[in-house]
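*Asks:* I have a structure here, written as structure tokens, and I will follow up with some questions on it.
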């Protein structure tokens, strides 16, 4: 009788221990079942299978300053001045002016690392907020091609920019292409990135423009990228870079390849 009671107590003890262990394990089991594994998350599109690599850090600390040019309209800009490998300010190898597309501002070039990269490579980099974008107010005074040309001229003259390389993506072609037509001799180089407005230039006008040009567009940009490429290759002094796997804003999809092509082009100009 005593042995029977002892055995029963042992069994009850084991059952109680198993119950306690199961209770303790249930929260982690429930949590694990609710959260998909990294592999499952990648299949579900909850996270990128391969995150884009960050831009390589510059070995030199670059300061990007901001300014506001008075006038109608006032123009906000960002500037990175060229420095040597020790971080000392130097005379620029070239001056570069960067415009932007409709969904972007001058801050895009700062966040992408383009301004710092140019400055650490010896170039003065100026990025402009076009009227109605970023910190530059809109204005009725820039509704014609000539008024937009005058705006760029005012910006360049006020900041002492002479013979710059002009970079123009997408929407900013409304400013850059008329300027190129009228003042191509004032540009040391031109970098169109699938700009609008390329159909408004005649074959003869293209032929007369001798400015060295780097045409950049994304492989997947079959609309404006392909259309602008077809027109821009009429420029007699051009080079083409097509960024594989990149969309309309190809510099955002492939920043390293974009920067490499840009620096290579600039190195052949100075």
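Cβ coordinates come from backbone N, Cα and C, glycine included.
Pulled these features from Swiss-Prot for this protein:
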{"type": "ACT_SITE", "residues": "170", "note": "active site, charge relay system"}
{"type": "ACT_SITE", "residues": "221", "note": "active site, charge relay system"}
{"type": "ACT_SITE", "residues": "248", "note": "active site, charge relay system"}
{"type": "CARBOHYD", "residues": "61", "note": "N-linked glycosylation site"}
{"type": "CARBOHYD", "residues": "237", "note": "N-linked glycosylation site"}
{"type": "TRANSMEM", "residues": "9-29", "note": "transmembrane segment"}
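Tell me about the setting of these features in this model.
*Replies:* DSSP assigns residue 170 (active site, charge relay system) to a helical segment in the three-state reduction. Of all the Cβ atoms in the protein chains shown, 23 others lie within 10 Å of the Cβ of residue 170 (active site, charge relay system).
A coil conformation is recorded for residue 221 (active site, charge relay system) in the three-state DSSP classification, outside any helix or strand. Under a cutoff of 8 A between CB atoms, and with a sequence separation of 6+ in the same chain, the neighbours of residue 221 (active site, charge relay system) are 194, 246, 247, 248, 250.
Mapped onto three states, the DSSP output places residue 61 (N-linked glycosylation site) in coil.
According to its DSSP assignment, residue 237 (N-linked glycosylation site) is coil. The 10 Å shell around the Cβ of residue 237 (N-linked glycosylation site) contains 11 further Cβ atoms across the protein chains shown.
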*Asks:* Measuring Cα to Cα, how far is residue 170 (active site, charge relay system) from residue 61 (N-linked glycosylation site) in Å?
*Replies:* 30
*Asks:* Please determine which of the recorded positions listed here (61, 248) has the lowest count of neighbouring CB atoms within 10 Å.
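*Replies:* Looking at the recorded positions 61, 248, the Cβ with the fewest others within 10 Å is that of 61.
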